[in-house]
Amino acid sequence: MRTSLRGTTAALATLAVLSLAACGSGDSGDGGSGDATGDGGSGGDAVTITWWHNSNTGEGKDYYDQVAKDFEDANPGVTIEVSAMQHEDMGTKLDAAMQSGDMPDIFMERGGGELRDKVDAGLVKDITDQVGDQLDVIGGQAAGWQVDGQTYALPFSLGVVGFWYNKDLFEQAGITDTPTTWDEFYDVLDKLEAAGITPISVGAGDKWPAAHYWYYFALRQCSEDTIKDTVASLEFTDECWVRAGEDLEQLVAAEPFNPGFLTTAAQSGATSASGLLATGKVAMELAGHWEPGVMQGLTEDGQGLGEATGWFAFPEVDGGDGAEGAALGGGDAWAASADAPDEAVEFIKYLLSDEVQQGFAELDMGLPTNPAARDSVSDPALAQLLEVRDSAPFVQLYFDTEFGQSIGGAMNDAIALLFAGQATPQDIVDQTQAAADAEK
Amino acid sequence: MSAAAPTRDLTPRRPAPDAAEATPRRRAIGRPSPWVYVLAAIVVFFTLLPVLVGVIGGFRTNAQLAENPAGWPDPWVFDNYLNVLQGSQFWRYTLNSVAIATMSTVLVVVCGIMAAYPLARYQFRGREGLFTIFVMGLLFPATVAVIPLFIITTRELHLGNTWAGIALPQAAFALPLTVVILRPFLQAIPKELEEAAMLDGTGRIGFFWRILLPLSRPGMVTVGVLAFVGSWNAYLLPLLLLQGDMRTLPLGVADFSSEHASDTAGVFAFTTLSMIPALIFFLTAQKQIVGGLQGAVKG
Amino acid sequence: MTTADSAPGAPSAQVPPLEAALNARAASRRGRRRGGVDVRTALEVTLFVAPALVLMAVFIVWPVLRAVQWSFFRWKGYGPLEDFVGLRNYVSVLTSEVFQGAVLHNLIIVVASIAIQLPLGLLIALLLNRRIRGRAALRTIIFVPYVLAEVIAGVVWVQLLQPQYGIIDQWLGALGLPSPEQGWLGTPDLALSTVIVVLSWKYLGMAVILLLAGMQGVPDELSEAAQIDGASYWRTQWHITFPLLGPTMRTWAFLSMIGSLQLFDMVWILTKGGPANATTTMATFLLTEGQRRSNYGIASAASVVLFVVALVLALLYQRFILSRDNTVDRPAKTPRPRRSTPKAVTA
């Protein structure tokens, strides 16, 4: 079950996804293209709400169908048109829907700069006044979905990125402890190489998995204040941004990655980065909370790495300014389109309720944001992540999400070039700055 | 292709699409030596390799594929294909693909031959200018305009998630090539025929209807097949416009391969089966295609 | 728009219909004179061409004009179009190293496609033009890749080209040959060449079919006469068949060029323009900008540039290459040279 596979890839990525795409897919019902928006307004007698989500297979799909039905039963006159879509397709259609102005009433939103753009364009409903209670419950986790103090969406799943590894292969290479510093990490690489095991897979073909390395180095090198200032000023002047690239350059120079990593896909098929980890061809991969679910989908027995699945945090960097334990992550939130009826907001509140979030957690559909659902998470690896997330001093949103697609895209491109040995740490900063200047 | 001297056009040209006439007389020059067959074998091998990998892969299990990607089925497994054929999705997608491709093809052939007729056989000022418009159409890739196209189709024309919403734009983008191929084909039909028809009191429209249409069948088949294949294989526009039960086979392949990402053999089977309709369509028409294209390239 | 008016958009609506019809009939009976306003012809032309033009206007011109409009704005793809930036999008497209690389890649693909597919296509077309066993089957097989969807063919090629585990690397290994460590598509220096090989595989069939069609238009008598004169097979082809195929080759090369300039699907599936921008094309650039980065203004500017590049090349091609077909080759089509000796044609 993968609720929030990341994909900065939009429309055409789906072409590539054809290969063997990331998320499962089922037969969604008729994709409603928001034909209800017109008759909504202010809660008359009969209201239809369109809801787009990406839990389009198996239990997750069934669960959301049930949730919608329960809400309908409790609110006579309200009909919810559910469209479960393949993740990449949903991104494409959402883009198109926003362009045509024919938006679904409730949709998934990743927050950050992407949300800011939509808010500026007047596409998203300000729900601050209606969701006060829910904000108290989920606390600071909603920060990524607030613009100028107003709340535009409620995150229902928030995960963090770290190294997923194959316990068996680590054992085979004689590695007993997971690394906590980069010196230890390089020792691990040496041991794996010595044992004839490819250490790391990375889906640099999709760019964002490669970019996560730089994001994390930046998170270790830059203080929280520096990051916040940069997000506000869009001036990448602090030297820590360059140091992040230097750390990454050193890692790339050690050549720990799978053959062909420059065109390897992130999650689609057995030869993707996740597929290589799932089938025991590499020892580890840097990825988010979705990884166990993805790996299960990529192995025939549906188990992924099963018992051999392990997780450790991105190691600390010596002399970095970053807060110890700070985590890189991101999540998905429910947002309502600007002209959605009030019932849509009610439904979003219901989706964040203890009851719905507990069911969500029981099915391991993601990492719930409502603390009441914390104990319902059954998967041990996810439970471990939840702890890491909740003990982190702060969770930094993926930088491409944080800065928005234009700047984030330029950043990711430059980072991918560094992986190919064709860009310097300074180039990453320069090209990101150039894209940021175009935004001002 | 200039209209420079209409009078010179009246001089008898080589009589007509002569595929039919030439074939029986065609004689191979010399006797093929064995290396010709070697060359043919090499060509066949490289052409079919990727296709065969898919077809044969569909007859293997995932375990076999994992063990040796290049191996032969041992034992042969038919479940992959049967599963696809027994599922309702495959047939639903096939129906949509057939409907959309047929609509698009009919539109292309009808509009194309109508447009090509005056461009080929009328003398009027601005004819070359008009033809240039069609040639220019070749220069617009559908990808360039796909987002505005999407918006126009759904918002302005309210054709989102309909067969027509895909077929109409596809036909539009196929028209330039169609006209470019059909025009020289129609030009090659001898003037004498037209003059004879005129003497009999048949107007130009009657000539078009009774004589030109039957004669240009090979050309129409050619552009029809190209349009059908183009529509059948299209991915981007259907992705944007179609949802749920309206999806076409390429979208179905995408969905299937993501839904069953670990089932490589099943993906091979689904992919292989989805190729078949376009292949059959081509096979049945392929004899006429060479004849049809011949008209085009003789220009 | 289509009301009771039988000829939508006909400019000739004001001319008295009866008079026009009489004129037209008189004119058409005499076999069309130049100069005079032939209303009936105009009407017929309009009727015949209108459906095609309407379709193209609605689904090609209209969206393209929208794209042109967007190219002058900074626009995220939603919300009102209000941030007018003049030519800034064009400046950023034209100064972008990635875009410059994309243009270069497109040009390389244009040249390489022709340089590879033309000789191979000729060779195979000659082969298929001989009376060999299984010719019909061969002709079908050679066209199979062209019929397959890019997405499907691309997916299979990606599997074949996998580093280490892919069939191609395994076979090379079995032959004791090395393969690139990062894979054929993953090594920046090899990726473009690999893409070109796959493209040649995909589109060779089109070249073969067109050339074959052209060859069937070459009268047998010419070759036979030459053979009787003792010319070898290859000499005959070189001096007789190939020159007569000129228009065919030029038509095919034109279509190939246009296709290469607009190349998108296959590249996107194989490499997404990577590794390290080694295989970007203008079309992948504009889709990356538009869909992935939501810079619709820049993407639209790129699509306008793509169109202009294609237009300029097409005009140059028309001016310098296709124009030969209107002059040099035309006499060759009249019956006379048929009976003449080969040297008249080769001259």
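Glycine is no exception: its Cβ is also placed from the backbone N, Cα and C atoms.
Copied from TrEMBL, the annotated features are:
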DOMAIN    B:94-285  domain 'ABC transmembrane type-1'
REGION    B:1-25  region 'Disordered'
TRANSMEM  B:35-59  transmembrane segment
TRANSMEM  B:98-117  transmembrane segment
TRANSMEM  B:129-151  transmembrane segment
TRANSMEM  B:163-182  transmembrane segment
TRANSMEM  B:220-244  transmembrane segment
TRANSMEM  B:264-285  transmembrane segment
Recorded stretches the transmembrane segment (B:220-244) and the transmembrane segment (B:98-117) touching, at least 3 CB pairs under 8 Å: yes
Leading stretch by Cβ pairs under 8 Å, where the reference is the transmembrane segment (B:35-59) and the options are B:98-117, B:129-151, B:163-182, B:264-285: B:264-285
Cβ-Cβ under 8 Å with the transmembrane segment (B:264-285): same-chain residues at least 6 beyond its ends: 51, 53-55, 57-58, 60-62, 64-65, 77, 80-81, 83-85, 90, 93-94, 97-98, 221-222, 224-225, 228-229, 232-233, 249-250, 252-253, 256-257
Sequence-remote partners of the transmembrane segment (B:98-117) [C-beta within less than 8 Å, at least six residues beyond its ends]: 134, 163-164, 166-168, 170-171, 174-175, 178-179, 182-183, 185-186, 208, 212-213, 216, 219-220, 223-224, 227-228, 230-232, 238, 248, 277
